[in-house]
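Peer 1: Structure provided below as structure tokens; questions to follow.
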Amino acid sequence: MCSWSLSSHTLTSPVRQAAMEPKSSSCGGAGIRLRLLVVLHLLLLVPSSAMAFNYADALAKSIIFFEGQRSGKLPPGNRMPWRADSGLTDGAQYNVDLVGGYYDAGDNVKFGLPMAFSTTMLAWSVLDFGKFMGAELPNARAAVRWGADYLLKAATATPGALYVQVADPNQDHRCWERPEDMDTPRSVYRVTADKPGSDVAGETAAALAASSMVFRRADPAYSARLLHAATQVFDFADRHRGSYSDSLASSVCPFYCSYSGYHDELLWGASWLHRASRNASFMSYVEANGMQLGAGDDDYSFSWDDKRVGTKVLLAKGFLRNRLHGLELYKAHSDSYICSLVPGTASFQSRYTPGGLLYREGSSNMQYVTTATFLMLAYAKYLRSSGATASCGDGGGGARGEVSAAELVAVAKRQVDYILGKNPAGMSYMVGFGCRYPRRAHHRGASMPSVRAHPGRISCDAGFGYLHSGEPNPNVLVGAVVGGPDSRDAFADDRGNFAQSEPATYINAPLVGALAYFAGTTK
């Protein structure tokens, strides 16, 4: 397969490179390129089963992407050599250490809500599909720990406060700068009893709790610290209710407003704490507060903002495996959501592009594709382990009334294969995977010469020349999955089209689990 080798290249390509192909790619010259186009056209006509992908390679790259998003002091083994240390004084002006964590997407802000969600989903990927990760399991754990370390600092630095953001996004977005030499204000934002943020606190509790399970055997002392902090943060979220969007206003909106409110994060956080601690008080909380917090809501998406359907799938596991009848409602709602994704069922109500990609109106569609794919595979696992199916309602008129675990896996596989290259454009939407992939990801660090190639500072205004350049990115952000094509499968490889070309940690995090599953089960 035409693809970058993680062991044989520097992950950096020249700005001007013939045919925009990396030197270490096996893609050849003009004659080979023409033959490849013919072969690619033929490949699109063969059945899905005949178009094989190297899922293990895609898994490795989906994890290495997180190393390109790291903020702070980078370890010697960081596998994105064009990246360097950044944000080393974050929090210092407020006498708090907030060094580390992840930049969310293509900018240099550390947004707490999507970072916590990304960490939760990375942890869930390891918990449910870690056995399929093979040699990548240590790298996946390292990705979880990089996020969890930062969230632990943010949660414990100051009693009665949770630090939820570093940098003013309004100022950051006025510049196009590499993280290594950014000079925009590194303002710090926090939620307190007077300025609550139950949404971001609930998600942080979920992330810490899920991460504690990842390290329960590998590092018991660290695991215990994470779980203790998760319990405290959840208590803070529940005791001082309110949305961080109201408390912090334009500092977080419209960038990561909590549009769904905070009820979903409270139920999500309690559910993860129950799974991590096995403390019955958290299940009692779920049973007593579930309906008030959205257990009865109809919901058809799962994202950094809206956790309702993810919570239901998580809790449905308890019903399926342990027959906890207080959780039967969550099984019913999970069935409804899952069936809504599967064409031909009585409950089907999703939209797909002509090429077969799940599609939701709005920016960065791939975030919904990867979360839905993850939930289908997780739910398939829970159904299979209990010998159950998903009930889709009245199967009259030729519509199917139930869906099996195997059918869910097949639907999920089509989404993963679309991302990796089985689509009308014949391209991978993962940077560095395959012969054709996005060359102009909307990403500051990738789009500008690295500090190693160009040590001199590139100013705020000068950087915009790189944003608006039509040249491919000089640095390959290996493993990054971009926002993806539109409703007609059309994709503009345009750095200025952030809705389609910007990668994000919360796009990749759920995909890690899905790729692990197929890497471990596909022969």
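Easy rule for this one: first residue shown is 1, then count along the chain.
Placed from the backbone N, Cα and C atoms, the Cβ positions cover glycine too.
So Swiss-Prot lists these for the protein:
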ACT_SITE  ASP107  active site, nucleophile
ACT_SITE  HIS442  active site
ACT_SITE  ASP493  active site
ACT_SITE  GLU502  active site
CARBOHYD  ASN279  N-linked glycosylation site
SIGNAL    1-52  signal peptide
Peer 1: Using C-alpha atoms only, work out the spacing between HIS442 (active site) and ASP107 (active site, nucleophile) and round it to an integer in Å.
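Peer 2: Cα of HIS442 (active site) to Cα of ASP107 (active site, nucleophile) measures 9 Å after rounding.
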Peer 1: Nearest to the residue listed as 'active site, nucleophile' by Cα distance: which of the recorded positions ASN279, ASP493, GLU502 is it?
Peer 2: GLU502
Peer 1: Looking only at DSSP and grouping its letters into three states, which state does ASP493 (active site) belong to?
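Peer 2: Going by the DSSP assignment, ASP493 (active site) belongs to neither helix nor strand, so it counts as coil.
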Peer 1: Between ASP493 (active site) and GLU502 (active site), how far is it from one CA atom to the other, in Å?
Peer 2: 10
Peer 1: Judged by the number of other CB atoms within 10 angstroms, which among ASP107, ASP493, GLU502 is the least packed of the active-site residues?
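Peer 2: Result for the active-site residues ASP107, ASP493, GLU502: minimum number of other Cβ atoms within 10 Å at ASP493.
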Peer 1: I need the CA-to-CA distance for ASN279 (N-linked glycosylation site) versus GLU502 (active site), whole Å please.
Peer 2: 40
Peer 1: For the residue listed as 'N-linked glycosylation site', what is the tally of other C-beta atoms lying within 10 angstroms of its C-beta?
Peer 2: 13
